[in-house]
Amino acid sequence: MEVQVAPLRAWDDFFPGSDRFALPDLKDISKWNNRVVSNLLYYQTNYLMVAAALVSIVGFLSPLNMLIGGTVVVLVFLGFVWMSHNKDILRKMKKQYPTTFVVAIMLSSYFLISYLGDVMVFMFGITLPLLLMFVHASLRLRNIQNKLQNKMEGIGLKKTPMGFILDALEQQRIVSTNWLTTYLK
């Protein structure tokens, strides 16, 4: 299947007025997870642009440490994904507690980078963009166009880079299943 890059969403859609942002229902983790995954898919190119800007700034200020930090994070992520496909306990944790899985990746990366290089480069260059994406995806309410695009991705009509990452974290199928059960009710 061919990979397609999602379009860059208008910045007034990405950062509209406060009426399109709301705190998630912390009692319903499944609904919150669905909102985060949907927004990650819909605004993925905008998130990439913001992350690229932050990584570029930090990389310009400390290129070697940024390269070391980025390499460590990618290797730790790939290691965790590989282990979760080969170990049942990690696979169950990844499905039931995706946030814990990502936090474990980030903490492992942090400790490895603290031995190899500058931790502040890791904090500002890698963790800050991820934190900003998570906060925006958690607070941004979805609109009709967002839901439609995510359903196309969920049923396999379109594959994007974020879709592949969410598949590796086994989060993509949750959105598709939740939408189908909601639609059939």
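Heads up, the Cβ atoms here are built off N, Cα and C, so glycines get one too.
What you are looking at is a predicted structure, and each value in this text was computed from that prediction instead of being measured.
Per TrEMBL, transmembrane segment is recorded for 40-61 (among others). Sequence-distant contacts of the transmembrane segment (40-61) (same chain, six or more residues past either end, CB-CB distance under 8 Å): 5-9, 11, 14, 67, 70, 121, 124-126, 128-130, 132-133, 136-137, 140, 142, 145-146, 149-150, 153, 160-163, 166, 175.
Proximity of distant same-chain residues to the transmembrane segment (67-85), defined by a Cβ-Cβ separation under 8 Å and at least 6 residues beyond the stretch ends, is recorded for 55, 59, 91, 93-94, 101, 104-106, 108-109, 112-113, 116-118, 121-122, 125-126, 168-169. Taken from TrEMBL, the feature transmembrane segment applies to 67-85 (among others).
The transmembrane segment annotation in TrEMBL covers 97-113 (among others).
Taken from TrEMBL, the feature transmembrane segment applies to 119-139 (among others).
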